[in-house]
Structures are given as structure tokens and as C-alpha cells.
Amino acid sequence: MSQDIAKKIIGSEEWCSFPELGIPAIKARVDSGAKTSSIHAVNIQTFQRDGEEWVSFEVHPLRIDRRTVVRCQRPVIDKRIIKNSSGNSETRFVIRTPLKLNKKVWDIELTLSNRDAMGFRMLLGREAMMDRLIIDPALQCALGEVSKESLGKAYTKEETRKGGLKIGILACNESLYGNQRLLEAGRERGHEMLFLDIKQCYLKLDTLEPEVHYKGRLLNDLDAVLTKIGSNITPYATALSRQFESMGIYTCNSSSAISQSGDKLFSLQLLLKSGINIPITGFANSPIDASDLIEMVGGAPLIIKLLEGGQGQGPILAKTKNAAESLINTFKFLRANLLVQQFIKEANGKILRCLVINGKVVASIERTAASGELSSNTHQDGKSSIVKITPEERSLALKAAKVLGLQIASVDIINSKAGPLLLEVNSSPELEGIEIATGKDIAGMVISSIEKKLQWKRPLPQQS
């Protein structure tokens with residue numbers, strides 16, 4: 001009984017610190033259901049020091065703040081297979097370091113893991129609390145809060161490391177999740193990241209000195225450009241990408257690849273020519289052809305897609321022939337180009353999305369449309385979950401990206417009775433749904449792919 005009284009009562013979340021890691025404050029989720037403790041770590045690299053294996057890593061201790069970085073080094077005491085929140089097993093490095101909580105200090109073991117998709121940068125498990133702490137789930141920060149002012153004094157924003165690349169993100173809306181993640185991921189790795197609003201870029205056509213300007217500044221010193229666009233502005237964005245190429249600047253997806261994938265009709269024709277199966281699809285330029293067009297794809301129900309659709313816009317399920325004719329005539333009256341496509345009933349509204357980077361499928365999710373909706377893009381309230389793909393699906397995704405010449409692409413696949421069918425290939429993958437569903441640092445993988453193409457290597461920590 002006296003031993004229980006000596007234990008400290010803590011809440012479901014608490015502020016703590018790691019003096020030897022240089023982390024003065026980090027909020028932890030307290031979970032007795034988890035055996036091990038874990039801390040958010042990125043850019044994890046091992047190295048040798050005095051004949052022992054060490055690990056260097058970076059911690060973003062504050063939630064929703066990637067500019068605050070603490071760089072750490074500790075000896076590796078173990079490597080363990082841990083099951084993550086998605087139910088997948090992964091191998092993690094284990095370190096031992098002193099934890100400070102309410103003026104008490106003791107050593108705990110921490111696994112290093114990317115916790116970007118989690119609500120907390122740290123998880124305090126039961127092994128670290130054994131014989132010391134008691135949890136009251138009704139409490140939060142029972143040992144005291146840390147103010148924003150205190151955090152501001154404790155941490156300083158780090159400047160970009162010298163020797164990194166200069167990378168431009170060519171897009172329209174800087175505040176979008178994917179653009180923010182790419183900017184943050186690049187800065188984490190020591191690169192100078194620039195957001196380039198497509199509408200504020202202009203170019204100079206010249207045989208000897210081609211140029212691109214942005215807000216009056218000449219962009220001739222970029223190492224790489226990553227173009228993230230919607231299909232409605234593909235022509236101008238493609239022209240800008242082509243101009244960067246003529247200046248000798250590396251573009252992650254070439255202008256020709258962006259152009260091909262941005263034209264849905266042309267891309268489907270190219271994919272079919274390469275032997276890739278798609279749902280039966282029709283296209284016409286006149287509403288007079290609506291009835292025959294509907295029969296061409298097997299009749300209603302069928303799918304109607306706007307050629308210029310993006311971020312989940314466009315796909316509509318027409319359940320009857322009359323509804324299909326009405327929709328086709330309406331869109332044609334509005335001079336909107338569209339495709340009609342066979343409806344795959346057995347798919348039950350589920351679409352497989354594979355993310356391809358440099359010839360590898362690095363992540364895959366299954367997207368399910370919200371009730372009453374057809375599009376399952378996460379921008380439209382659809383649900384995403386991690387899924388293991390088959391060799392046939394993997395081969396299809398890789399071939400589709402290769403046919404269109406894309407180094408970075410999302411490939412949408414639908415499963416039919418005849419096997420997997422390709423729906424669409426996008427040169428500007430939406431990152432939010434796939435990062436949240438998989439817990440993977442997809443933005444970091446994209447930046448890493450640029451580093452590999454340009455043969456840039458991250459400086460290793462100095463060995464003593």
C-alpha cells in the first residue's frame with residue numbers, strides 16, 4: 001500500500017523532457033496498453049562510433065510545427081519488430097535515455113518511429129511507468145501545462161542547413177496539405193524550398209538564354225522543380241516545366257509526361273496501346289450521339305467523367321439511360337468534354353490507389369466512396385484504408401506509370417470480374433489521404449527521390 005502511495009498520479013497526456021537529447025519539452029500520450037515508449041523521429045541514420053553502432057535522428061517535438069528541429073545521437077541498444085497503429089509490423093531502432101517528469105529523472109527505452117500521422121510526438125508506454133506512475137484517464141496534464149511563451153523560449157527555429165539543394169514546388173495553392181508537406185519535408189532534409197505560384201510565373205523564350213521569372217526574380221539557380229497541378233491548368237504548367245527543362249533544371253515529372261497524363265483521353269489511348277486493360281470507355285463531341293454512346297459501353301448504369309476533372313470532381317453515376325442522356329446533353333450544352341465509362345458493379349465503390357516513385361510502389365490504399373457518392377477521392381469525404389496489393393496489381397501500376405513516363409504518380413485501379421482494370425494515372429498525387437492511412441512519410445520519399453536523381457547525399461554526423 002505504501003508503495004502505491006509513492007507513485008505519482010498522471011493524466012492521459014503529460015509534458016516531459018529528455019535532457020540528454022536536448023528536448024526541453026514534448027507532450028506525450030500516456031498509454032498503459034502500449035508496452036514500449038516511442039518518440040517521433042525522422043531522417044534516421046546509423047553510424048559507427050568507437051566500434052559501436054549509433055543512430056542519428058531528428059525530432060520535431062511540437063505538434064503542427066516542422067520548423068522546430070532537434071538533432072539527436074544515441075547508441076543503439078536494440079532493433080525490435082513493433083506493430084504500428086495500422087496493424088503493420090516494422091523494425092525500429094531502440095535507444096535508452098533519461099526521461100524527466102515532474103523533477104524526477106530515470107532511464108527509459110524509446111523506439112524511433114515517424115509519428116507524423118499520430119496526434120502526439122511521443123507515446124509513454126507501461127514499461128517506462130512501471131512502479132513509478134499511476135494513470136487517471138480523466139486527467140490531462142496533471143503535472144502542469146507548458147505555455148506557448150515557454151515553448152518559444154525553449155526552442156529556436158533552425159535555419160536551413162548549408163549545402164542542400166534548391167527545389168521549387170510549382171503549384172497554385174501553397175496552403176494545400178500536399179504542398180505544405182513537400183515544403184516541410186525538403187526543409188527537414190536541409191534543402192532550400194521555394195513555392196512557385198504558377199499564375200505568377202512568366203517566361204522568356206530565347207535560344208541562348210531561356211528564362212523563367214517569378215515575381216520579378218530570375219529562377220536560374222534551381223536544382224529541381226516538382227510540378228503539382230490540376231488538369232485545368234496543365235497547358236501553362238507544362239509550358240513552364242518545358243522551359244525549366246530547356247534551362248537544364250531537373251523536373252521530377254517531365255513536361256511531356258505531365259501533358260500525356262493530364263489529357264485523360266490521350267492517356268487512356270496510350271495505355272490501351274501498351275496492352276493495359278481499362279473499363280470500356282466512350283467519347284463523343286455531340287449530344288446527338290448520346291444514345292449510341294451509352295449503348296457502346298454496355299448501357300446504364302454507367303459512369304460520366306469530365307475530362308478536366310481533378311481532386312475527385314467529375315465522376316457521376318447515371319443509373320438509368322434517361323439520366324445518362326440528360327447528363328450528357330447538359331454537359332455538352334455547357335461545352336464540357338466528357339467520357340462515358342462502363343460501371344463496374346462488383347467493385348462496390350472501392351478503388352485501389354497505388355503511389356509510384358521511381359519505379360517502385362511505395363504505398364497503396366483502398367478508397368471507398370462516401371454513402372451516395374461515386375468518387376472516392378479523400379477530398380470528397382471518401383474513406384481510405386491501407387491495403388496489401390497483389391503482384392498483378394503492382395505490375396499494372398508500375399507499367400501504367402512507365403508508359404506515361406512518370407517518375408512520380410498515383411495510379412487508380414478497380415477490380416472487376418475480369419481482373420484489375422486501370423482507371424486513371426495522375427502526375428500530381430494527393431498526399432493527405434495516403435499519408436494518414438499508411439502513416440508513411442510520402443513527402444519525404446518524394447524529396448529523397450529528387451536527391452537520388454541529383455546524386456545528393458545527406459551529410460553524415462561527425463564521428464568521434
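A Cβ is built for glycine as well, from the same backbone N, Cα and C atoms used for every other residue.
Some features that Swiss-Prot has for this protein:
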type: BINDING; residues: LYS305, GLN342, PHE343, SER376, ASN377; note: ATP binding site
type: BINDING; residues: ASP412, GLU424; note: Mn(2+) 1 binding site
type: BINDING; residues: ASP412, GLU424; note: Mg(2+) 1 binding site
type: BINDING; residues: GLU424, ASN426; note: Mg(2+) 2 binding site
type: BINDING; residues: GLU424, ASN426; note: Mn(2+) 2 binding site
type: DOMAIN; residues: 268-451; note: domain 'ATP-grasp'
type: REGION; residues: 1-164; note: region 'Unknown'
type: REGION; residues: 165-464; note: region 'Alpha-L-glutamate ligase'
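Structure with Swiss-Prot features highlighted.
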| residue | record | DSSP class |
| --- | --- | --- |
| LYS305 | ATP binding site | strand |
| GLN342 | ATP binding site | strand |
| ASP412 | Mn(2+) 1 binding site | strand |
| GLU424 | Mn(2+) 1 binding site | strand |
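Using CA atoms as reference points, the binding-site residues LYS305, GLN342, PHE343 were checked against GLU424 (Mn(2+) 1 binding site), and the closest is LYS305. In this structure, GLN342 is the one among the binding-site residues GLN342, ASN426 with the smallest number of other Cβ atoms inside 10 Å of its Cβ. Separation of the C-alpha atoms of GLN342 (ATP binding site) and ASN426 (Mg(2+) 2 binding site): 20 Å, rounded to the nearest whole number.
With respect to their backbone Cα atoms, LYS305 (ATP binding site) and ASN426 (Mg(2+) 2 binding site) stand 15 Å from each other. Across the structure, ASP412 (Mn(2+) 1 binding site) and ASN426 (Mg(2+) 2 binding site) place their CA atoms 8 angstrom apart.
Of all Cβ atoms in the protein chains displayed, 22 besides its own lie within 10 Å of the Cβ of LYS305 (ATP binding site).
There are 21 other Cβ atoms within 10 Å of the Cβ belonging to GLU424 (Mn(2+) 1 binding site). When the Cα atoms are compared, ASN426 (Mg(2+) 2 binding site) and PHE343 (ATP binding site) turn out to be 21 Å apart. Cβ-based neighbour count (10 Å, all protein chains) for ASP412 (Mn(2+) 1 binding site) stands at 19. PHE343 (ATP binding site) has a Cβ environment of 19 other Cβ atoms inside 10 Å.
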